[in-house]
């Protein structure tokens, strides 16, 4: 029997055997031999770049990281969420894309640098805003004066000519409401009239204000118009509501009311016009019943006379008109859900689901529930992810709704859940004790504006703070953030806000390797498309036409200015100088001024000579007057010797005295 080698028995064969056994034991203890569950947990601590690098280490890791489970675990570890977290999906349906894109965008907001521009739009207090991100044009409006300016947020350049809500370009009007879109600007007046400005070459009078052919009987309260391209003639492009309970649907090209609805003893509070889903939602207040009523007009794309409003829900009014806050409304037409705000003492968001009603055409299918809030709602906004998604996609195919209240809180709500107790996903404190004035959100970021002048960017998944856009430290300079806009494409980190009469825009960049990796997800439901509209591209036909239109307008304006200057020149100098160069005209004007100066000096010398002559003449007249006065005192001496004169001498003396008196 062979004995074990001792510490002194180190032959070559024994050393080789010991090294072979030691290497086999080390191989069993390497990371490659760990269970995949442990490796997935280890990988979840890595950032996206490290995960991509680890995928290139070996075949086993590449196979392991090709599984979507690894990226899902890393996603929830990075965003501090649980496996049942609900959010609006961003990528193409895989956890890998969701983790890479969302982490890159949030890091760009936190650490990235970009362009920030702040400038004055030259229209006063800003109340309306629309940003055409495809063409880079920003439309800023002030409904108090009825003026609109066109500017470029990337450079801060504002066009010289302003658009006015009047035919004569005056600021005196009775404007009650206004809305801005890509090619349609709608205006409502206190006397019931409705006007439009079309920003398209397809219109007969582009960039010119004109009234519609019909009007309401009372003041216009709300307007909703298409935010995209101009619809064809004969289709509805704008809807208006009035205090008299009437709703008109307008063909913006011709100004004709294609269809109208009358709600008896009611006031129109808000409208939700969605031609993509052929829906029109009308929220009214009935004076007789003292209640708010929500109506639906389905099958609504063209002018059809057989459609009648359908009552979906009725909400009892518990406060007076002065205490009740304005009713806010938005709708997720893809899911068949509408959301309406209610003030104290309810302080809630009413959720009205009419999806089953659309499928069964029965009022029993309408479901209403209330989502309680801590304060009076002041702002409401729906995210831009208008896609039909299944629950198997990341985030369970949810769509988010953000609600701000008077206490500075923001509630993130899942629009697709029916349980009101599970509807609120998270609550964010933006700025305490100041009401939220406006909210805008997409799949990744949510921008919140406060009445204190604060504006910040938050993550929609975790609610974490990402970026501060504006903040007024001085209380005297705190202006509320009235309007907020974000690009509907979450990969484009662009946005604008309004601060009193100023606009602040930002544009951050993300690494290019992540930009083009998002595959396009088409909606399941067909959308309304027009044959005469060009498809969207990097530089579309509409943008080219818009640039040509602006160039032609600029040339025409310069030509008019030259004609006015020429007419004024002809009035002053005549037609003989037309055609001279600028230097020749300056020389001619200088010569005329020198001649005028010489004439003035000659006239001045002549006036001085005349004054001297007049002075001499007056002096001579004064001397003669003194002599005459002295001669008047001499006759008494002559009278003393009259007795010595004969008769003929006395007659001559009398005649001489009479002549002197004359």
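Glycine too: its Cβ is placed from the backbone N, Cα and C atoms.
According to Swiss-Prot, the compositional bias 'Polar residues' annotation covers 1-16 (among others).
Swiss-Prot lists 621-640 (among others) with the feature compositional bias 'Polar residues'.
Per Swiss-Prot, domain 'F-box' is recorded for 28-74.
As annotated by Swiss-Prot, domain 'UIM 1' applies to 581-600, with the evidence given as sequence analysis.
Confidence across the domain 'UIM 2' (646-662), taken as the mean pLDDT and rounded to a whole number, stands at 68. Annotation source Swiss-Prot lists domain 'UIM 2' at 646-662.
Note on the repeat 'WD 1' (215-260): DSSP counts are 0 helix, 23 strand, 23 coil. For 215-260, the entry in Swiss-Prot reads repeat 'WD 1'.
Summarising the annotation, Swiss-Prot assigns repeat 'WD 2' to 263-302.
Summarising the annotation, Swiss-Prot assigns repeat 'WD 3' to 429-468. Sequence-remote contacts of a segment are chain residues at least 6 beyond its ends whose Cβ falls under 8 Å from one of its Cβ atoms, and for the repeat 'WD 3' (429-468) they are 79-81, 85, 87-90, 101-102, 105-106, 109-110, 378-381, 383-385, 400, 402-410, 412, 477-490, 493, 495, 497, 499.
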